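Colleague: Here's a structure for you.
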Amino acid sequence: MTNGNGATPEAAPPPQLNVLAQYIKDLSFENPNAPQSLAPQGQPPQINIQINVGANALAETEYEVTLTIEGKAESGSQVMFSFELVYGGVFRLVNVPQEHLSPMLLIECPRLLFPFAREIVANSVRDGGFPPLMLDPVDFVSLYRQNMERQAAAQGVQGRPS
Amino acid sequence: MIGALARKLFGSSNDRRVKGYQSRVNAINALEPELAKLTDEQLKARTTEFKQQLADGKTLDDLLVPAFATVREASKRTLGQRHFDVQLIGGMVLHEGDIAEMKTGEGKTLVATLAVYLNALAGKGVHVVTVNDYLARRDAGWMSQIYGFLGLTTGVIVHGLDDAERKAAYACDITYGTNNEYGFDYLRDNMKYRLEEMVQRGHFFAIVDEVDSILIDEARTPLIISGPLDDRSDFYNTIDTFVPKLDKTDYEVDEKQRTVTLTEAGMEKIETLLRDAGQLKGESLYDVENVSVVHHINQALRAHTLFTRDKDYIVRDGEVVIIDEFTGRMMPGRRYSEGLHQALEAKEHQPVQPENQTLASITFQNYFRMYEKLAGMTGTAATEADELFDIYKLEVVEIPTNLPVARLDEDDEVYRTQQEKYAAILAEIERANSRLQPVLVGTASIEKSEVLAAYLKQHGYKQIDFGSERALDKLYAAARAGKPAKLFAVLNARFHEQEAYIVAEAGVPGAITIATNMAGRGTDIKLGGSLEMRIQQETAGITDEAEKAAKIEQIKADIARFREIVLKAEETVEIEPAKGSKPAKTVTKPGGLYIIGSERHESRRIDNQLRGRSGRQGDPGRSKFFLSLEDDLMRIFGSDRLDSMLTRLGLKEGEAIIHPWINKALEKAQQKVEARNFDIRKNLLKFDNVQNDQRKVIFDQRVELMQDESVVETITDMRHAFIDDLVSKHVPEHAYAEQWDVAGLKDELKRVLDLDLPVDAWAKEEGIADEELLKRIETHADERMAAKVAQWGPDVMRYVEKTILLQTLDHLWREHLIMLDHLRQVIGLRGYGQRDPLQEYKSEAFTLFEAMIAHLREAVTAQLMRVEIVPPEEQQQTLPPMQAHHADPNTGEDEMAFANVSLVPSSGAAPVPAEARNPKDPTTWGKVGRNEDCPCGSGKKYKHCHGRYA
């Protein structure tokens, strides 16, 4: 762990991040039109991927972070394959200041989970009879920002102006 | 004096009434051992027996004793709760159609079961009315165990159900729901075109929970169903272009009254402008044809001259948002009425939203008075007994508590300024918190609760964030450690479910809860915390039974320990010795929940409600109000001199005055306000009664029309009555034939009935009388109708007649409602002419009503005489798009609008909670996981069912 913004010498003990567990929470792979769809296609299929992250507290310092990856490949109107993966991890965060907690959980932790989830996706798609699907790296920082904005907007709808 | 003495000797009338129930209570108690021996089946069979006895001619009153005994036994077996004797008395009061006043924690929900069961035996449906959806769901789920055990069905009406679900719920023996839902269902039912579509099945018996809040507080604003008017947005924009062309001299602005009127010159100018633009029909702006033009010009003028951007409203995301003039807060979703909002939108060049029109409305007073029998229960009604009797004919009976109340109600402390008051409250909270006594701080409004919360935050307290699931863990941990946690929670009657949880936990040691008066009603504050709530909250994720049981044991031990701590949180206060007396004495003030009132409410009832949250079922408790001379009530009813006088008398800063006289004076002031508010409500009701009588006639008429197989008789009567009117108008009785207005008659016949009759020729016949003429016209009209029946067959014609009649009736009724509204706004002016506005309103409204009926005859007859049926296909009449409104009388916010907002972040792919999904409507499902069970209920995974790829 690096602490980028020059902590003062007598600052609190350094933050710690431990991975306690990693697991598939939910996995669905569908290959509805096989084997016809496995034949070589004229043009490359349209692939749509959606990624989201979520976190909830399990105990004072322990959190479950989930990384959800959904994808669907379509050729014309025909679905080639569709997968949905919820990949979870349990993290222990100690000495993390309150204001860093949510970026830590929603940026740093998914970043650690991503390579594993990526492999599961690639393997599943390959085992489905297609060339393995290699997901591009994900910018979790901008995903985090989007989520924050959406939350703020949602609160704006519900709440009273303060 | 004599009265007080007599009361002492003979007891109050209330005591005597309560005593009168004792013999039946004894009879019920005597049945208990016998019933305890019955098997479950035998107990259940008693319901059928009772129903049989009713059919054999017994009355509900005859069955009261055995039925109550049966419910008590069923409750013992299902819920493990036995009705106390006082609860039986409460049940009897409810059955007699009166209000049972029972203190908090005495188990009102359980009391209701007695009267509900007994009256449900009649099979006409019993409605239980609660203040919010959460309570309706909770109580129904809880109490249906008893009813189900005894073989009765229970339904719940909550927001967001469709008609089929509502109908099923109303068809149950017992229905739970909120006042708003019942009222709106009634209104919606009376806008439907078929009897089968109506969801309610009569109004037999209603038990209203928190009756004071529903029948008095909520009843200040009516229920309104509105629908969009025809789109006039272009017209607003057109008119808006003229207003800037006017000069300051063209109109006069009265800032104080907030009115603006055109001057003579201004009128001429705008007339010219409009005429040039081709917007003016006829000669003058004030001709009848131009009424709506004038209306639009007036509103546009108001929008331009009286309303300032960023002061009265702001423009945000293409919307004009009102700013509340008192609080300075934005009021999204609220709109000015009568086209003013549209005029503002046109002024700001924002998209103009369509106008809304009232389609139907009713006040709670008039809705609840429809019930054959009405009863209610609450903790605080005695102060409002007069009003409840006056309007609803409900008597209030105070039910004694099962255990005596052990709460100490201290005298008020009055400070000079608000600042000093808040400081005193803070100090009191601090003291209570240090000995871990839970505190509930009551405020009069949401704003005040926020002020107080901010004040606490300034002084090192932290607000509990209920966003996270384990929000209260820290509080529990601190309580276990015996240290004050310095955490507080705020509730303001918005998120009922969550607030029920917060309120239930307000009795945990060291808890500080700031709440408005209405927040979390219906939920008990148990000392040490609520077992059910915590089990529900903390064992939610645990599937292992053994682990769950262990956790429950742990929670139980926790709560028992917490309760001990709270009970022991007593305060020992030294009393300053009076001069020359012995050394200081100490007084012990009880522990338990400590209620701190930050302000006296206008009504004593609301204060009593706040106090009543503490000291349930014989638990100790304390309550105290902190006031300042700057509070609204003091400001209005205390004089300015009070402040300077108190200063002169030596009231120093930070010091309070405490004296029973002040409490008395305040109570007097409150009584005055209560009486005034009651008068206002009574007056409103008097006006609404006029509308209500007419509404009843129209709604009854509609139901009758829908029930009738054929409306041909009604239609024929209408046609004849119309022709009768027409002939007598043009051919007056006993008039000579030369005086007859034959040409006018001929024109009218052509215009309305589409009949070209040789009336002029008939009139020239020798010796013809008006009767003869009338008969001939009627015969011709009847023949025309008979021909139509022969042409399309009687079935089609019956259907057409019914449809036209109902639709025309509805249309005219809506217009009539608008007329009445307008009438009501101006009728007050008659007062200047020494006439009683109410009487004037009554007679004018009656004239309008008669005119409407006459108009109805004409319109229906005219339409039917010229109706041409294209293909006789089944037309499904759809209801116009409708919105329901009921403004919260406390905050002015539209409760129903609020209920539409979901708590889930509104992203496109948000998962929808399972209970919000309608199995029949995939559009309500939101995002469904591929591996999830399909929400349609097929039992298959979503990906193998509705989510299957072709």
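Heads up, the Cβ atoms here are built off N, Cα and C, so glycines get one too.
Features from Swiss-Prot:
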BINDING   B:Q87, B:G105, B:E106, B:G107, B:K108, B:T109, B:D524  ATP binding site
REGION    B:873-892  region 'Disordered'
REGION    B:908-932  region 'Disordered'
BINDING   B:C934, B:C936, B:C945, B:H946  Zn(2+) binding site
Colleague: Are there any residues at least 6 positions away along the chain from B:Q87 (ATP binding site) with a Cβ closer than 8 Å to its Cβ? List them or say none.
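Modeller: Same-chain residues close to B:Q87 (ATP binding site) (Cβ under 8 Å, separated by 6 or more) are B:E106, B:G107, B:L110, B:V111, B:L114, B:N402.
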Colleague: Given the binding-site residues B:G105, B:K108, B:T109, B:D524, state which is nearest to B:C936 (Zn(2+) binding site) when distance is taken between Cα atoms.
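Modeller: Of all the candidates listed, B:T109 is nearest in space.
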Colleague: Please work out the number of neighbouring Cβ atoms within 10 Å of the Cβ of B:D524 (ATP binding site), leaving out its own Cβ.
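Modeller: I count 19 other Cβ atoms within 10 Å of it.
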Colleague: Starting from the Zn(2+) site formed by B:C934, B:C936, B:C945, B:H946, give every other residue of that chain whose CB sits within 8 Å of the mean position of their CB atoms, in sequence order.
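Modeller: Near the Zn(2+) site, the remaining chain residues are B:P922, B:P935, B:G937, B:S938, B:K940, B:Y942, B:G947.
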Colleague: Among all protein chains shown, how many Cβ atoms are found within 10 Å of the Cβ of B:C936 (Zn(2+) binding site), not counting that one?
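Modeller: Result for B:C936 (Zn(2+) binding site): 18 neighbouring Cβ atoms inside 10 Å.
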Colleague: Name the one residue among B:C934, B:C945, B:H946 whose Cα is closest in three-dimensional space to that of B:G105 (ATP binding site); these are the binding-site residues.
Modeller: B:C934
Colleague: Compute the mean position of the Cβ atoms of B:Q87, B:G105, B:E106, B:G107, B:K108, B:T109, B:D524, which form the recorded ATP site, and then list in sequence order the other residues of that chain whose Cβ is within 8 Å of it.
Modeller: B:M102, B:T104, B:L110, B:V111
Colleague: Can you tell which of B:C934, B:C945 has the most other C-beta atoms within 10 Å, given these are the binding-site residues?
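Modeller: Compared across B:C934, B:C945, the most Cβ atoms within 10 Å surround B:C934.
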Colleague: So what sits near B:H946 (Zn(2+) binding site) in its own chain, CB-to-CB under 8 Å and at least six residues off in sequence?
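Modeller: Set apart from B:H946 (Zn(2+) binding site) by at least 6 residues yet with Cβ under 8 Å, we have B:P922, B:V928, B:C934, B:P935, B:C936.
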Colleague: Cα-Cα separation of B:K108 (ATP binding site) and B:C945 (Zn(2+) binding site), in Å?
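Modeller: That separation, Cα to Cα, works out to 46 Å.
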Colleague: Cβ distance under 8 Å to B:T109 (ATP binding site), same chain, sequence separation 6 or more: which residues?
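Modeller: Those within reach of B:T109 (ATP binding site), by Cβ under 8 Å and sequence separation of 6 or more, are B:D139, B:W142, B:M143, B:D209.
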Colleague: To the nearest whole angstrom, what is the C-alpha distance linking B:D524 (ATP binding site) and B:C945 (Zn(2+) binding site)?
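Modeller: B:C945 (Zn(2+) binding site) has its Cα 44 Å from the Cα of B:D524 (ATP binding site).
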